[in-house]
Structure formats: structure tokens, C-alpha cells
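Asker: My questions will all concern the structure given below.
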């Protein structure tokens, strides 16, 4: 696939560089763990970029043969000061969390879990799933929402027909469609299916930044081609950009107003300081170890009879650095 008429340079740190004002972020492979580790392709965070709006994490996985890898097996684990978005193309995942939510993640359906001050959850692909394919996204909550109550939302966006394809807007506003889901900030998330020979103009707020993950097919952003699994970033200052495809494509678009705050992100925690993360880790280890009085759990009660919770890894030496 031709990259662009402009020169492309590659560097260390997961970026191909800036081409025609599009920064191309390459994925790195990360095993989720276990004896038959499912491997994901991570483009956020990277050395080249930590945030796109408030979006701080993007894992892309599959099509994954569940019989070979065991699929998704993620026991109970904690989160703080962020929200998780599960979006599938194929397969099904069973979700449980400490808000009391028990839901299935299915293709084309949004499951949004907002951690606020603290939440815990588990995710397992269902026995009927043979192929698992989708994305896991996180966004950092703005400062005014980091101590909010945890919450869970489920939403099924209607397909919107746009010139050259179909969009499912699951968060924020795009193509004159607004999702009803609350995000505590100006964020956008959508799946876009482009037809063959498509040319689709995407109008966006000038003050927002955006990125597009190419899942399948071929696409160019204002003439800059992405390869499968790459994330193409477009900064603020644009009112629109054009997506073109020769054979058709599936994309995931994320974007939003720049967060405007520096965050500390380590393991499954987001904080505003090193001390925030240390406190969250200590509390998690206490709750799954010696325990705390009923009703005082930061990470909530969890149904009995579930696999053992994941312990937090040891903190690295030195202080965790803020980014963003």
C-alpha cells in the first residue's frame, strides 16, 4: 500500500512520524497473560503520544481464534479516574463489576464503565465465542470527575448512513448524531465502515483532536495512507478531514477536546500524581487481602464464586511521571 507522496520516517517509540499533518502511531504487541496468552496491539499510550483528547489507552485485538489462545480471561481488577469502553466486531464478552452490573458485550453495542473514585470488574469471553475481535479503550476523567461515583452504561447506537459508508456513533457527536451517554467531558467515539471507492468528509470541532484506527481494508486521511493496525492522529485546528478508501475499510475514530491536564497512568490506575496511584494500589491490595469493613470498600463489593482477583504488580523504582 502506498504510504503517501510525502516522505515517511520511522523512529523508536511507536511512531512513523508526521506525514502531511497526520501522525502515524504503530502498534506494539502486548500479551494479556496466562498460559495461552491472548496478544493485543496497543497504540495508546505510546512514547510518541499519550493522549488523544481524553483518550489514554487503545488495545486492538483479533480476529483471535479462541480455541488456540483461550480468548479473553481477565479476572477482577481495579480502575480509578478513568472510564473503559468495550467495543466488539466479533464475539461476546461477559462483564461483571462492583457497581452490580452484569452485562454481555456484543458487536455494535457500547459498554461504558466509569471508574470515578474506584471500581473493579472482570471480563471473560463467553463459551459460545469462537472468534474474538474488537477494541478496548480508556479515557481519563477530567479533574472534576475523578472522585465521582462509579457507573455502568449500555447503549446500542443506530447505524447512520453517511456519504461513502455507515457510522455508529457510540460517544459524543459526529455526522450530526449525538450519543446520549454521559462522559464528563467533550469526547467522540465511533465505528466507521467505508464502502469501496469511498470519499467521506468528516466535519469536526476545530478545537478537538482525533485519531483513526484502521482495523481492516485500506484508508487514507487527507491523502496519507494507514496500514492495518496503525492509528492516524490529526491535531486541533481543522474543521474537517477526508477519508478515502479503494476497497472499503473499517475504522474506529476517537477524539475530543484536549484534556488540558497531566495524568499519571500506571497498571490499571489513572491519577493526578504519583501519590494518587500509590494510594490506589495500597487500597486495592488491602481490599483483596486482609479486607476492609463492609461498606468501606473503595473498589466495591464483588459477587462470590468468581476467580481470584488480580494482585497489583510491584511499583517501579522512583516516582511515576505525569504525562499529557
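Count begins at 1; order follows the chain as displayed.
Note: Cβ is positioned from N, Cα and C throughout, glycine not excepted.
Note that this is a predicted model, so its numbers are computed, not measured.
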Asker: According to TrEMBL, region 'Disordered' applies to one of these ranges: 259-291, 292-324. Which one is it?
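Answerer: TrEMBL lists region 'Disordered' for residues 292-324.
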Asker: Counting each residue once, how many in the domain 'Pirin C-terminal' (191-285) are helix, strand and coil under DSSP?
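Answerer: For that range the per-state counts are 12 helix, 50 strand, 33 coil.
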Asker: Give the sequence-ordered list of residues that share a chain with residue 79 (Fe cation binding site), lie 6 or more positions from it, and have CB atoms under 8 Å from its CB.
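Answerer: Sequence-distant Cβ neighbours: 113, 115, 118, 119, 120, 121, 138, 268, 269, 270.
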Asker: Other than 77, 79, 121, 123, which residues of the same chain sit close to Fe cation? List them in sequence order, counting a residue when its Cβ is within 8 Å of the Cβ centroid of the site.
Answerer: 74, 76, 78, 84, 97, 113, 119, 120, 122, 268
Asker: As a test of the contact definition, list every same-chain residue at least 6 positions from residue 123 (Fe cation binding site) whose Cβ is closer than 8 Å to its Cβ.
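Answerer: In sequence order, 72, 74, 86, 93, 94, 95, 105 meet the Cβ cut-off.
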Asker: Within a 10 Å radius of its Cβ, which of these binding-site residues (77, 121) has the fewest neighbouring Cβ atoms?
Answerer: 77
